[in-house]
Amino acid sequence: MFMINIACLIVPILLAMAFLTLVERKTLGYMQLRKGPNIVGPHGLLQPFADAVKLFTKEPLRPLTSSKLLFMVAPTLALTLALTMWAPLPMPYSLISLNLGLLFILAISSLAVYSILWSGWASNSKYALIGAIRAVAQTVSYEVTLAIILLSILLMSGSFTLTNLITTQEQMWLIIPAWPLAMMWFISTLAETNRAPFDLTEGESELVSGFNVEYAAGPFALFFLAEYANIMMMNALTTLLFLGAHHTPLVPEAYTANFVLKTLMLTATFLWIRASYPRFRYDQLMHLLWKNFLPITLAMLMWHVSLPMSLASIPPQT
């Protein structure tokens, strides 16, 4: 029975990832005054399935000098971790009910760094290794601010439980009192998922394709799926933290529809940003975090710690 529950969670996510690739290609196409994929199926709707068949039926080549085990383990680990992160998300019911749901998500997203590092190192290619090192430095750096922002939000809700966050936001979305945190969180999630304008790991001009340069066929598809699963996961988490997730007092039945709609709007913003902005320079990326975001988030954390204490309204601790 539990396996059926897992399948009911994973299959829709995989389908959503497939169509997200199509939406992205269509969006970029129309923003660049062209059509995008429109041959396979009506209006190109079957393009993701054609891509999947093509990738998974090709021969998975690997470099002769690569580390065989790590080379194959890395993409599998990437997708496994990307899908595991969805388990504690209330939509409106989660697969597993965790008291420390947010901490679990943060820990799993930290582990995802290893799949990137292993893939770059196991490929035995200097392009892949430089791309992997960039990705690790970027991800680890931005996780610092993500963790501090999470802590500030948790001080408002008083619990690590994700369902408590929804209860906290019944009267007001947290994006209103904590809008500077929300802005920094959104930009940090862009960097965390290696998306434009922070996609330095796959800088075509200098790194060919980044850490996955030596991958082809199935393993490449797994990395691709993991990236899009992480994008949707981060947007779902943003919805839970700042946009009140599902609660509409007049229509409580529209829980899941609300949640999905807000997540899709944030995902569309990700695609819009990709179509609009050029890539950052690497030193600018690090400067933005360590010299701008980190001091501001620390100041906001002190503010969120001192405010409840000064007003004698410490949030309920569960």
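Cβ atoms are placed via backbone N, Cα and C, with glycine included.
Among the features that Swiss-Prot reports, transmembrane segment is placed at 2-22, 69-89, 100-120, 146-166, 172-192, 222-242, 253-273, 294-314.
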**Prompt:** Sequence-remote contacts (6 or more beyond its ends) of the transmembrane segment (146-166), Cβ cut-off under 8 Å?
**Reply:** 88-90, 94, 98-103, 106, 174, 177-178, 181, 184-185, 188-189, 192, 240-242, 244-247, 294, 297-298, 300-301, 304-305, 308, 314-318
**Item:** Stretch with greatest number of CB pairs under 8 Å, the transmembrane segment (294-314) reference, 2-22, 69-89, 172-192, 222-242, 253-273 candidates
**Value:** 172-192
**Asked** Against which stretches of its own chain does the transmembrane segment (172-192) lie, if we need a Cβ under 8 Å and a gap of at least six residues from its ends?
**Response** 109, 138-139, 141-143, 145-146, 149, 152-153, 156-157, 165, 198, 230, 234-235, 237-238, 241-244, 266, 270, 273, 285, 288-289, 293, 296-297, 300, 304
